[in-house]
């Protein structure tokens, strides 16, 4: 549908029988109206042509071949010179065959049928509006009992039957005579209603505004009563109040959307376009049909049987008619939602038929598979892995994916730079993956962002833009800081990559969708680019050194025991003197040369003008040297003093991991300060 703002949208809801017939009906030049499917047949077994008025009828749903009618006549589509748009012999319209994807038909039901979604699904909307138990309504719909509708204040059939034992003795003689009168069946049908027709009558008699008013008054009365002191009664009152709120909201929705409650009971059953329930011929001449066709055939068979009982056989017992109405109701239920009433219907191979609900719901349903999650051009999908060396706004794209996504741009680049004379030569170079191809591909990718999406896309940060770079392997590399926005981790998650084609899409990606432009949560405003997953583990490993300071494992070798009753593994344990480094570059160089480990403690020279925060005043040890200098050793730092007790230098106890982390933080702060200075 198109709303008043010209936005395309899809709305699922109830429609009137008039709207259903308007969707399907077509008027032929001879005045005949077609659109109703009356026969349960599909194709003729000899001619392989659709049966007239059947489930694939060309008069109702349009021609199988564009511009060719059932007779074989051909006319140019859209030719204004042609007077008639319909074939005079077969009544098929000369239009494009794609009309069979959206042209609907309908089945005129011989009896009203409740829509099983609004009756059996929880909460039951019909039971909510009528304020009646669901079991009672189900018994009424499936003809287990009847609904009384007395037409006068005088004693009627139902009143007489209900008060038979309480009236005077003379009624015992008059009632049997009354039951055997000639017009009793007509009188009974006038007073007794059963099946979905009874539900439709009750829904049609509803005044939605009165429902809202009465429900509101009752809700206020229950609220004024207060707690009764009985837990069971208080829960019962609470459930009733919740029910009244739901009933008022439902009634307001019907009023706001101009939907009549009786539309929940079907008189016309829409028939899907044929292309949405196809019959396909496979190898060997066998036909493979959609389950929807078989369920439609079952509805038509039972509906036609009911029509015959009502029209041709005047003396049909009422119980037989009620039984056939129940069969029609069950057939429509199976078509709409197979298995909702218990055991699902199965075919001859014990396979459950896929109903309309099964076709549209779930991950493989019509909406999620072919509309929301359909495959599009210029897109790919792969597993994500961590890219620790990437910038926040970059992503690593595998060569195999990149060369396919940017193939069109790559061909244009090869031709423009005269590396290929035409498209064929360019494609040949791409297939052979010549070195020049990768150079041109890198140039193309530098100015073209890509969009990464992880399903389900629950908020706008589920799709973000990145600057792609080529990486080896077959996995997409992602910066770990952007994982929280995607709700992704690196345990096998997959992400889709899309290439924005138009200039508007590329500009929007660069200005609004780049990952470094989306650092805050759009819901609560908190930072969303925070360390998670692998980054937390990496930070822990980087900074996990010996946290107990110089005292650890130095004076108490028994600390190396795993248990008090176990022996020391290394009885020759000796304290290893930590190395001294003048600057962080020497320490990192020693780590790269594998002279020290990432978490090995070391002494790093500290600047005298920088303050060291001490946790204790007295030194743990004091080492004196022959020249008179001495070293005062504290928990996490060391001070070298002269004979005159002047501070010569300070060393702090740290690890290569801490040094690497602090250098990264320092570079980030300096870069931020430079950016701010450029901005001012």
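Each residue, glycine too, has its Cβ placed from N, Cα and C.
Annotated features in Swiss-Prot:
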BINDING   69, 71, 87, 90  Zn(2+) binding site
BINDING   489, 491, 493  Mg(2+) binding site
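In sequence order, 383, 384, 454 constitute the residues six or more apart from residue 493 (Mg(2+) binding site) in its chain with CB-CB distances below 8 Å. Of the listed binding-site residues, namely 69, 71, 87, 90, the sparsest Cβ surroundings within 10 Å are found at 71. Of all Cβ atoms in the shown protein chains, 15 besides its own fall within 10 Å of the Cβ of residue 489 (Mg(2+) binding site). You'll find the Cα of residue 71 (Zn(2+) binding site) roughly 61 Å from the Cα of residue 491 (Mg(2+) binding site).
Ranking the binding-site residues 69, 87, 90 by the distance of their Cα atoms from the Cα of residue 489 (Mg(2+) binding site) places 69 first. Note: the CA-CA distance between residue 90 (Zn(2+) binding site) and residue 491 (Mg(2+) binding site) rounds to 61 Å.
Neighbour density for residue 491 (Mg(2+) binding site): within 10 A of its CB lie 8 other CB atoms from the protein chains shown. Across the fold, the C-alpha of residue 87 (Zn(2+) binding site) and the C-alpha of residue 491 (Mg(2+) binding site) stand 62 Å from each other.
The DSSP secondary structure for residue 87 (Zn(2+) binding site) is coil. Excluding 69, 71, 87, 90, which define the Zn(2+) site, the same chain contributes 70, 72, 73, 88, 89, 91, 92 within 8 Å (Cβ to the Cβ centroid), listed in sequence order. Straight-line distance linking the Cα atoms of residue 491 (Mg(2+) binding site) and residue 69 (Zn(2+) binding site), rounded to a whole number, equals 57 Å.
According to DSSP, residue 71 (Zn(2+) binding site) is assigned to coil rather than to any helix or strand.
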